[in-house]
Amino acid sequence: MAELGVAASVIAVIQLTSQIVLLLGQYGNKVKSARDDISRLHIQLHYVAEISKAAQQLLEEQNNERLKTSHKLHVHFRDIQARLQELEREFNRSGTQTAIGRIRYHAFTWPFKAGKIEKLTGDLERCTQAISTALQIDQANLLLQLDSNTSLLDQNIIIGNLQVAEGAGFDSHAEAHNPTCHPQTRVDILQKISQWSEDCRADPMLLLSGKAGTGKSTIARTAARSFATLGILAASFFFRRGEGDRGKALRLVTTITTQLVENQPALVPYVKDAVRMDPRITQKSIREQFNKLILDPLSKAHTIENQPSLIIVVDALDECNDEDDIKLLIELFCSPRTTRNLRLRFLTTSRLELPIRLGLNTVNGAYRDLTLDEVPSHVIKNDIKIFLEYEFKEIRNQFNASVTENRRLSASWPVPSDIHNIVDMADPLFIVAATVCRFLADRKTGSPQGKLNMILEHKTKSLGTKLEVTYLPILEQQLAGLSIHERYTTIEHVRSIVGSMILLANPLSTHALAALLDISQVIIDDRLDLLHSVLVIPMTPNSPVRLFHLSFRDFLLDSENQIHNPFLVDQKQVHQELATHCLRVMNDRLSKDSCELKWAGASRSGIDPDLIKERFPAELQYACLFWTYHLKEGCQYICDITLVHKFLLDHFLHWVEALSILGRISEGISCIETLLSLLETQGDARLKIFLTDSRHFLLAYASAINLAPLQVYFSALIFAPETSVVKNSFLREHPNWISILPDGADSGWSQYELTLDRHKDSVTSVNFSHDSNFILSGSKDRIVRIWSASSGELHRTLKGHGKPVRSVVFSHNSELVASASDDQTARIWSTATGELRRILQHSDVVLSAVFSHDSKLIVSASNDNLVRIWSADTGELQKVLEGHQDTVNSVAFSHNSELIASASDDKTIRIWSTSTGELQRILNGHNSLVTSVVFSHDSKIIASGSYDCTVRLWTADTGDLAFTLNGHKGAVTSVTLSRDSTFLTSASLDMSIRVWSTRTNELQQALHGHRRGVTSVSLSNESNRIASASDDKTVRIWSIDTFNIHQALEDQNGSGPQNNLSYEYGSLEPHKETFEIRTLNDTRKYDTEERHAGKTPHEPELVHPAAETSPPSTT
């Protein structure tokens, strides 16, 4: 019975795959140096699981008939099973493989040598391909179906792994109700767009610009539909402010890639290769995603010389919520590489807002501009007239078909003068004409003639804007025939309902909005019945309501129309109300184990999507994701601290569980960061302490919780430090079957919060941006990277240096980056776009480069013993400072930019006048080369570090040595002073960072964690966080809030934590008789047999690792 053997092997492979995926989730959080191996293995295991499930389904569909390829399938599945078991054995040897019910802590090490995982994934891929082939030749009646499934497998996996912005495509359901151009309108504009798309020498981007309401999106939809018909539409992305992912560039590249794969199947293998080569590509910068997921696959797949251009349509770029991303996208769209061989074009529409203009200035005219504002008025009026005549005819025919003969409109309706008046009222805003037509066509609000008279009457009386003349009559329909009291109530309802709709971070259905606002859906439906001309209101109550056009939102929020507009929406008030509603919904609906998973190790991926929708309806999902957004937008501070604090004390763990189930755990950290930023001006110490601790909690355990949601109550809560505020606030949630918690747990959180490990070689320099939002790092791998300081996410990668980077720094306004390199250059980059602005050429290795406080000057230090001063604007060399007798390692400006300090291998520090270049004084005292120099914020103190293992402080005015700090056991590589000069941090090759009091000259804290020498250290502007760079290829972020800066927490001879203990985020099961806690020295097994009786477990049995000759039992 070969079929039974195959079935057994398939089941075994599926089970092994799921177990190893769980393990990889645990390793991903701790063994960050192996992330690429882990990601590569994750992807391959996903392929194994998919092909295994396909085989299992095929076996079940055969109705026990013998399969011709059973033997081959059996062989290949046994081969896969053997390799998965090999993985299992390696984990066991490293002391990490146990049953899900075990608990322990140990030193996490990746058990595989370099290249082992690459070979293993290659073997697994060959097996899966062989299985696909075997399945395809099985039975004739299933061949076509299976072949289709197999050919789509790669595409489905790619699409499944690329997160997209729902509704962003021009032909999506969200865009279905939006119009295209009438065939006789916009003829000239559409013809110019067509000619541009056909011209092989045309600019890579065509920008269609114009004011709001001039018809840009309608033209873009029309062009996209035409391109699709011709088979040249590659993808489309229609930005929409206030519609979640459609309002930001985060998902733009992955959304376009998904459409590219669907429209151009030849790209599938190349996109697949890109994801395999870089499994974390979707987490990288937009530039890297754009190059690797779009340009590289197109370049490799392009084989037809005369193939027409592929067009990507990007609408409403100005509605992207990140100005830096706008400028970057313009640069990418206009890149020469898009036209070189690829024939890729971008049709982009936008208002010419400031970020758009700034972006266009950087691309030196490498685009074509079509401006709707420059279209002659008579052409626009004629187009509007054609549009109105067509729409009015449709309105007349539909109305006449629904009423008795005596009520019908005449064949000449409306009279030419009325059409003329509406054309004048609309010109040049097509949105006005379109809104008028939708209003007249809406039967719920009266007859077309009556409403037309109302609009024309309002136009005659009003001196307001075109938008006021258009939208106010529609809104005033709500008040017809009402008493003063009824009018007041109705206006408040409209403000609350419509105001909420236009300010939501993501659109909601009427059903969800009613639940969120705690308003009867009948009231909402009554109010919206009269607004079909300005809102897209679906027939089904569970589909989201959307704006027809953003101008309606602008009109309601325009405070300048307060006198004329009784429906004016108070933006801050509505945001505050929405935040309160979100908290109410979460307080009422969140609970422990919402999906009744019961098993602590239950995987998030295994939860039925329908169950998630049932337990987390749209309004609850919205509340969980956006409550802090509304708090932030509502005011500069948290309006009701007590309400927020109570929610967190009651439901923080439930909220984290919900985020995990929704696949949005990473957004929890952003929410906490938002709350902490709002508390900066407030004095609620208790809430700030809770939030600071909850941030540590999420940073430490997010990986495990993301894998299995209930681990928030098990691994995370149990193994959090004893001093954790979150842990002690939720003692009631501790599993009641655990009476003895592990000894030896850390008393506090790890000293460092984040480890950034993308560099491939020693990290030589690190720097915080002035606003402390970003961290800059430079490495011997020749790359400069910009990171999010809060999440550790890689924000941008700057490539161009030909040799190791030695120094990196932000300008004071954070708009520019300077980098110094062994390639004899200093380079100036745009922070926003990553664009290289200029190159400052030297004659030898450049070791340091910094900006003056006003960002106008750059001073650089070089291996040629010289200091140079440059213009940051032009790159012109202004002065050369000579005097050092050896290599200059470090330079610094005083805060007022009047002085420059330089540190050299000649053991001296020299102070120079910035304006004259004259030497002011020489500081002697160090006994070896001086590596680092810095001014205090008030320019009164100079600090220096040296290979003589000391830090020295000098008086800037006199050059006198103030005092010497001793304690480092290795060369000091970097020093920095806090903003108030009360403390100083130093980095050393002894692998430590030390924090010193400048008042007492005493060591306050020694920070350990780097595995090799620390090369650079930087303080955030608030002086509450430290960033460090090391030869161990990492950047680490440390929180000074975790210790008292004025009290030594360890003596100067202490070496910091040496046991390298960490807790495994394995699942804890209340179904096992024992659980295990493992340290480097012993393993303790705890009996939980009597846990349900509330008794204390038996004294643990001590099992020495040396006595264990086989893996721990899984029973």
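We count from 1, first residue shown onward.
Even glycines carry a Cβ here, placed using N, Cα and C.
Unlike curated records, TrEMBL annotations are generated automatically.
Quick look at what TrEMBL lists:
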type	residues	note
DOMAIN	192-351	domain 'Nephrocystin 3-like N-terminal'
REPEAT	756-797	repeat 'WD'
REPEAT	798-839	repeat 'WD'
REPEAT	839-880	repeat 'WD'
REPEAT	881-922	repeat 'WD'
REPEAT	923-964	repeat 'WD'
REPEAT	965-1006	repeat 'WD'
REPEAT	1007-1042	repeat 'WD'
COMPBIAS	1072-1102	compositional bias 'Basic and acidic residues'
REGION	1072-1115	region 'Disordered'
**Report entry** Contact call for the repeat 'WD' (1007-1042) against the repeat 'WD' (881-922), three or more Cβ pairs under 8 Å
**Finding:** no
Query - Taken over the repeat 'WD' (798-839), the model's mean pLDDT - result: 94
Report task. With DSSP as the reference, give the number of residues of the repeat 'WD' (1007-1042) in helix, strand and coil. Result -> 3 helix, 19 strand, 14 coil
Report task. Go ahead and report the DSSP secondary structure tallies for the repeat 'WD' (798-839): helix first, then strand, then coil. Result -> 0 helix, 24 strand, 18 coil
Report summary line: DSSP assigns the residues of the repeat 'WD' (923-964) as 0 helix, 23 strand, 19 coil
Query raised in the report: Counting only residues 6+ away from its ends, which parts of the chain sit with a Cβ under 8 Å from the repeat 'WD' (881-922)?
Result: 847-854, 857, 859-863, 865-869, 928-939, 942, 944, 946, 954, 956, 959
Query raised in the report: Going along the chain, which residues at least six beyond the ends of the repeat 'WD' (756-797) come within the CB cut-off of under 8 Å?
Result: 32-33, 35, 283-285, 287-288, 666, 669-670, 673, 803-810, 812-814, 817, 819, 821, 829, 831, 834, 1012, 1015-1022, 1025, 1027-1037
